[in-house]
Amino acid sequence: MSDVSTQSPKVGFVSLGCPKALVDSEQIITQLRAEGYEISGTYGGADLVVVNTCGFIDEAVQESLDAIGEALAENGKVIVTGCLGAKKDAAGQDIITSVHPKVLAVTGPHALGEVMEAVHTHLPKPHDPFIDLVPPQGIKLTPKHYAYLKISEGCNHRCSFCIIPSMRGDLVSRPVAEVMLEAENLLKAGVKELLVISQDTSAYGVDVKFRTGFWNGRPLKTRMTELVGALGELAAQYGAWVRLHYVYPYPSVDEVMPLMAEGKVLPYLDVPLQHAHPEVLKRMKRPANAEKTLDRIRAWREVCPELTIRSTFIAGFPGETEEEFQTLLDFIAEAELDRVGCFAYSPVEGATANDLPGALPDEVREERRARFMEVAERVSARRLQRKVGKTLRVLVDEVNQDGGIGRSSADAPEIDGLVYIAPPSKPYKRYKAGDFVSVKITGADGHDLWGEV
């Protein structure tokens, strides 16, 4: 990596966890560059290292602790931030400092100010920061053609299996003008896809009572429907996509369906359902009802037949009976969800679900997860097969010797399927990463599509 100035202090950065944590990392790196710090691609080339951690499940905790240990071994000066920074062990002690007492500082998630204060303490900032080196859209860790747009922080739900509210706090919605300005800067920089994220996108603005803000001289409510409409209008000026994630199936989501049917935003919803049996949902403390959800899904598809629905579920939750699990399998088959992920229940330290009776053996949880995925993949394969012979708009993510790899409107990066594109048969059909291309679909399996331009 080339150096802009050999005099500038260098910071190494490790980012772990979900897209929301990735946005936190982008904000920290943007501020570091704004203050004149350089970002080092190696531990050895850095004056100190910042590690943004994940603490949601045991595997993520261990990955974060391992990353901290590696940074300490390779560099020696480490500042830790992120969700694991807010977690305590059974004795009430900070998990990170009890395992790695030599870290310089520890903060929780969404702690830009605290991280920068720690950096300033251990690596004073340059006297003449090069503000002009930082692009208006900030420093991004995603490929340049797509970006995550975080609209709020925290969550008002208290699901029994989750500890995110204890780490990230209650819902705090970003001002609508601030969100729109960030979106505009990203689109001006060439981003082709905005992925709207939060802990609960449907609840955007609840905490400020849907306060009216202003954007480009016109009033705009701090509310999901109005924000999504404005983002769709803005993205249309650049020929870009807007994709919605973490959307709870509240009645207000019905208002977004016409926007999807009209092509203003992608006909795609990431809806975290988790289960379908009412008793399991009750134990999970989830705000959902399977019958109402089925009715809502049918109504959505009537308005927008092209709608793709992705969701995640938990198999083997404490107390889950075979009958309750079968209800979940029946729901998956009936709802015909396009994209589905499933986790075998794993206890999370600090979650109230740990105190529920009826914990299931590991082998039962894993067996149910496998059965669930068999059903889900059959549904997905049927729905994907319907696309064979159609021509889809595809955003190219990568080009290699075998052709291209991209995504359709039904595929979010990292979590959904891919479209494998044959090499162009003629020079005028060439494409590169970040291009939109029309792809005729020639084949499908349970997850991916194949086609040609």
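Cβ atoms here come from the backbone N, Cα and C positions, even for glycine.
The domain 'MTTase N-terminal' annotation in Swiss-Prot covers 9-124, and the record cites sequence analysis as its basis. According to Swiss-Prot, the feature [4Fe-4S] cluster 1 binding site maps to Cys18, Cys54, Cys83, an assignment based on sequence analysis. Per Swiss-Prot, domain 'Radical SAM core' is recorded for 141-382, and the stated evidence type is sequence analysis. Annotation comment: Swiss-Prot describes Cys155, Cys159, Cys162 as [4Fe-4S] cluster 2 binding site, evidence class sequence analysis. The domain 'TRAM' feature in Swiss-Prot is assigned to 385-453; the stated evidence is sequence analysis.
Ranked by Cα separation from Cys54 ([4Fe-4S] cluster 1 binding site), the binding-site residues Cys155, Cys159, Cys162 are led by Cys162. Looking at Cys155 ([4Fe-4S] cluster 2 binding site) and Cys83 ([4Fe-4S] cluster 1 binding site), their Cα atoms lie 14 Å from each other. Of all the binding-site residues listed here (Cys18, Cys54, Cys83, Cys155), the one with the fewest other CB atoms within 10 A of its own CB is Cys18. Within 8 Å of the centroid of the Cβ atoms of Cys155, Cys159, Cys162, where the record puts [4Fe-4S] cluster 2, the same chain has further Cβ atoms from His157, Arg158, Phe161, Ile163, Ile164, Pro165, Gln199. For the [4Fe-4S] cluster 1 site, the Cβ centre of Cys18, Cys54, Cys83 serves as reference, and the other residues of the chain with Cβ at most 8 Å from it are Leu16, Gly17, Lys20, Ala21, Thr53, Gly55, Phe56, Ala60, Gly82, Leu84, Pro109. Counting residue by residue with DSSP, the domain 'MTTase N-terminal' (9-124) contains 53 helix, 24 strand, 39 coil.
Along the domain 'TRAM' (385-453), the predicted structure has mean pLDDT 92. The distance from the Cα of Cys159 ([4Fe-4S] cluster 2 binding site) to the Cα of Cys83 ([4Fe-4S] cluster 1 binding site) comes to 17 Å. Cα to Cα, Cys162 ([4Fe-4S] cluster 2 binding site) and Cys83 ([4Fe-4S] cluster 1 binding site) are separated by 12 Å.
Packing around Cys159 ([4Fe-4S] cluster 2 binding site) is summarised by its Cβ count: 20 other Cβ atoms lie within 10 angstroms of its Cβ, all protein chains included.
Mapped onto three states, the DSSP output places Cys159 ([4Fe-4S] cluster 2 binding site) in coil.
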